[in-house]
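Colleague: Checked TrEMBL, it gives:
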{"type": "COMPBIAS", "residues": "B:1-20", "note": "compositional bias 'Low complexity'"}
{"type": "DOMAIN", "residues": "B:94-285", "note": "domain 'ABC transmembrane type-1'"}
{"type": "REGION", "residues": "B:1-31", "note": "region 'Disordered'"}
{"type": "TRANSMEM", "residues": "B:33-58", "note": "transmembrane segment"}
{"type": "TRANSMEM", "residues": "B:90-118", "note": "transmembrane segment"}
{"type": "TRANSMEM", "residues": "B:130-150", "note": "transmembrane segment"}
{"type": "TRANSMEM", "residues": "B:162-181", "note": "transmembrane segment"}
{"type": "TRANSMEM", "residues": "B:263-284", "note": "transmembrane segment"}
Amino acid sequence: MAAADTSQPVAKAAGENLTRGRSRGRLRRALGTHWYAWTMVAPVVLVLGVIIGWPLVRGIYLSLTDANERNVGRTIGANHIEATYEFIGLDNYTAVLGDPVFQQRLVWTVIWTVACVSITFTLGLVLANMLNRSFKGRGFYRMALILPWAVPGFVSVFAWRFLFNRDNGILNKILEGGGIAGVPWLDDPTWAKFAVITVNVWLGVPFMMVALLGGLQSIPGELYEAAEMDGASAWQRFRHITLPGLRAVSMTVILLSTIWTFNMFPVIFLLTRGGPGDATEILVTQAFREAFVESPRDFAGSATWGVLILLLLMMFALVYRRSLRKQGEMW
Amino acid sequence: MTTAETPAGTAAGTTAPAAARRSPRKRGERSPLASVGLHATLVVASVVAVFPVLWVLLTSLKPADQALTTDFVKDTTLDNYRSLVSDTHFFTWFGNSVLVAGITTVLGVFIAATTGYAVSRFRFPGMRPLMWTLLITQMFPVAILIVPLYNLMGQLGLLNQPLGLIITYLTIAVPFCAWMMKGFFDTIPVEIDESGRVDGLNPFGTFWRLILPLAKPGLAVTGFYSFITAWGEVAYASAFMVGEENLTLAGGLQTFVTQYTSNWGAMTAASVLIAIPAAVFFVFAQRHLVAGMTAGATKG
């Protein structure tokens, strides 16, 4: 990593720790050497602290209370009503974790995430490999294939809702034209799950493809030439040169896309509103529903779901990092 | 082993058997069958990628009462656009979105740039925790911050105000921008900083006069990313903004297609108007976008 050690070199700093002399003198010296860096990061630390740190702490606190629409402090006209919610410890957590709804949501969220990420990655990899060859019309295909990425997500989701329309949507029109009965895309639990995954894959493939294409182009061509000299088949070249060469990029995009998909709010919320019934509700949309859709609004319950989601994701990230480290990856 | 006896020597000897084993095609060439397969797959994929967008575009040009028919070249009309502009709050929503996304971008990039530079160039106490915080906050589900932020905005009287949404969007934009900017600053040679220091500039001067101008592409891409994120955000916008004239585009579009009514004409026309500017910007930025994202994430 390129770094101009305009501040203290790390080794020197470590050496200084040995002489644990006057701490005030050290503080002053640290300020003297690091104040540039600290001043530069101060705005972000401030922003993170105020608009992320504080709400986070408060969210965790809310999850330990019985706060809802009726007992939080609010102002109606000139009257201010004091908050009357109380601290109730871990009751929300036992309630949520003991509720079969949590398990249902968790299972579906995991299926949704695994399905979306694996299909997106596979399609992205196939298309990237194709686009990495040289042939006529490559630029055109490339532009066509990244188009879904260029359209704002919520617009695409509405476009798909239009296509999926049960009675008059183009997809069912095409099916019926081919003599097949139309499919209740968004009205049947199984088809709705299929539909949300389809849309999310459609949205996700361009990013995956372009990222992997970048990875492919950074693999030196000599490796392929050498392998061909040695008589390696196309599959062997893919298996032993392409895949290892893509490792770093793959690991990153898989991690990113797992986190994004796990928290993918707009696709589900705008396409099915979690329905039909609650068939496509994932953890994030459930948390939103608790606080902003259902009445009375259950702020404490929503915060509890939020904390649980965060814990799950952090666990996932830790396990992922550990498994990478075991395989000798730097990250 | 005829080649071994020729005077051409060993160099030819190593390549000739390999060449003989392979078909007479040159390296990188395909059989006609493989070529057809390649193009067929790509054509299918392209159609799947383009069709939904194209269909919406075509539908927006049809009279509203024919929105759900399959014939699309019969009567082309701009009526949907006309009624969208005159009968709905589309331009108010558009303005709200531009305002919110624009200010978020400027603030976010400005705050994040200095941090990106500091973590790229200096080793200072607190740097590793900061990097970790930036990374972890990207995992935060909207669900954990939305209720506290909602209550906070309520107390400050910022619900239904663009300012409230701007502050909220900074929670998304700032960590990611800082992370991406670090990746860009890492690609600028350290020698430039050093020469600046030799010329008597302090780190702020070096950053402002030398490095920031060089990082313009990075700033543009980061700015573009935060603009698009804010432009397309749904959850906070749906929860914080109510009332027709306060909505942003994401909320406004929802009013066209509710559970009970579907104004597909207005919806498709609005979709096209929202997508075109984003798509045009995007085409220019996409190459750098991926480089920035993956570089920031892999180099750590």
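Here the Cβ of each residue, glycine as well, is placed from N, Cα and C on the backbone.
I would like each feature placed in context: is it buried or exposed, what are its neighbours, and how far apart are things?
Modeller: Packing against the transmembrane segment (B:90-118) from elsewhere in the chain are residues 84, 124, 127, 130, 162, 165-166, 169-170, 173-174, 177-185, 207, 211-212, 215, 219, 222-223, 226-227, 230-231, 241, 244-252, 270, 273-274: each is 6 or more residues past its ends and has a CB under 8 Å from a CB in it.
Within the chain carrying the transmembrane segment (B:130-150), a Cβ under 8 angstroms from the stretch's Cβ atoms is held by residues 115, 119, 159, 168, 171, 175-176, 178-179, 235-236, 239-240, 300, all 6 or more beyond its ends.
Long-range Cβ contacts of the transmembrane segment (B:162-181) within its own chain (Cβ-Cβ under 8 Å, at least 6 residues beyond either end) map to 96, 99-101, 103-105, 107-109, 111-113, 115-117, 119-120, 133-135, 137-138, 140, 145, 149, 153, 156, 215, 218-219, 221-222, 225-226, 229-230, 233, 236-237, 240-241, 248, 292-293, 296-297.
For the transmembrane segment (B:263-284), the residues of the chain that approach it from at least six positions outside its boundaries are 53, 56-57, 59-60, 62-64, 67-68, 79-81, 83-84, 87-88, 90, 94, 224, 227-228, 231, 249, 252-253, 256-257, judged by C-beta separation under 8 angstroms.
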Colleague: For the transmembrane segment (B:33-58), what are the same-chain contacts with Cβ under 8 Å, counting residues 6+ beyond its ends?
Modeller: 72, 268, 271-272, 275
